[in-house]
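First comes the structure, then the notes that go with it.
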Amino acid sequence: MATAEVLNIGKKLYEGKTKEVYELLDSPGKVLLQSKDQITAGNAARKNHLEGKAAISNKITSCIFQLLQEAGIKTAFTRKCGETAFIAPQCEMIPIEWVCGRIATGSFLKRNPGVKEGYKFYPPKVELFFKDDANNDPQWSAEQLIAAKFCFAGLVIGQTEVDIMSHATQAIFEILEKSWLPQNCTLVDMKIEFGVDVTTKEIVLADVIDNDSWRLWPSGDRSQQKDKQSYRDLKEVTPEGLQMVKKNFEWVAERVELLLKSESQCRVVVLMGSTSDLGHCEKIKKACGNFGIPCELRVTSAHKGPDETLRIKAEYEGDGIPTVFVAVAGRSNGLGPVMCGNTAYPVISCPPLTPDWGAQDVWSSLRLPSGLGCSTILSPEGSAQFAAQIFGLNNHLVWSKLRASILNTWISLKQADKKIRECNL
């Protein structure tokens, strides 16, 4: 094991077909997930040694978990540790495979006769399967999972927990689907697992997401598939066939790092009419940072220095970086409308209204001449979010943070409702 000389590794906690899990004696609540150079299909009815697969799988999982973690998805991932292992929070695994897909293919067609391959699901289709090798992982309903009354790390898996995993599965699929699109790859479907963190008692995405976990079709073309299906489809396993499978896996591993970047640049420029509005603008900048969007603050008055306002506008128009302008001006807001009337870039007015004159001042942002499409958002955080939604159309990293934020808000409401109901009992 590559990491044995640097980590104080304890007993083996679990061994599966393609990985082993070890306790870390110096890091309570953490484990080491060690991948194997083994590939399997059909619940290990077919299995082969594939040199280098452990490193490939570990790289893919580490990149995908990093992508999801940075977006805001709770994952059982701490850091990559060597070429073939990573460190993660220890979890008690929930024995369910959650499958989510956009395109009908594979076993779905067998289970749903009459549905043609290529049928698309809107929203993505979520299914669950009980992990039971002896019975070929039978499909379960949500009701069966609830009725099982599983308890992991002290958390009983009830309706709330099932709903959380179902919604998280869809969000995770959509984030990965969106992330693969810039690479001209279609994420057809995927399977994931959740666990309960033994320390926080939270449900988190766990196990691995590697090239065994999904169907990935370059250019949306099944004949170009780069996932484990290419191994399943081998009529006979030969050295040449395994080499072809390995090349497919290497192809994915080379590109997965690109998912952590975006070629689409973005920027928010906040124009304030006075430094007295700095506190309001700092809130916008902080919120932009949460979405990974660079934000610059400038001071200019469209009333007192319109020439300088337009010069600043031209400065940002000239460097080719996609930009959203946010105008922050109290009292009579000339800044937003003047900017909007002189640029093709999006402009958001975010006036810092005061209790005394706010009801009157806001009309200078709302009632505008024809030909102006300047939006008005009163919340500093809301204006940053709207800018993020604009950039998210072409930037998968920004979009992923938005999607994860929607999921996390939904989960917090679901958990709050559960807590209130328990208090009423």
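Just so you know, glycine gets a Cβ as well, placed from its N, Cα and C.
What Swiss-Prot says about this one:
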- A2: N-acetylalanine (MOD_RES)
- 2-260: region 'SAICAR synthetase domain' (REGION)
- Y22: phosphotyrosine (MOD_RES)
- S27: phosphoserine (MOD_RES)
- K36: N6-acetyllysine (MOD_RES)
- S107: phosphoserine (MOD_RES)
- T238: phosphothreonine (MOD_RES)
- K247: N6-acetyllysine (MOD_RES)
- 261-266: region 'Linker' (REGION)
- 267-425: region 'AIR carboxylase domain' (REGION)
- S274: phosphoserine (MOD_RES)
- S332: CO2 binding site (BINDING)
Could you tell me the mean pLDDT the prediction assigns to the region 'AIR carboxylase domain' (267-425)? 96
Going by DSSP, is S332 (CO2 binding site) sitting in a helix, a strand, or coil? coil
Here are the recorded positions: S27, S107, T238, S274, S332. Which has the lowest count of other Cβ atoms within 10 Å? T238
Which of Y22, K36, K247, the listed modified residues, has fewest other Cβ atoms within 10 Å: K247
Sorry to bug you, but what's the C-alpha spacing from S332 (CO2 binding site) to S274 (phosphoserine), rounded to the closest Å? 13
At the Cα level, what's the spacing in Å between K247 (N6-acetyllysine) and S27 (phosphoserine), rounded? 36
Nearest of the modified residues to S332 (CO2 binding site) by CA-CA distance, picking from Y22, S27, K36, S107, T238? S27
Between the Cα atoms of K36 (N6-acetyllysine) and S27 (phosphoserine), find the distance and write it as a whole number of Å. 23
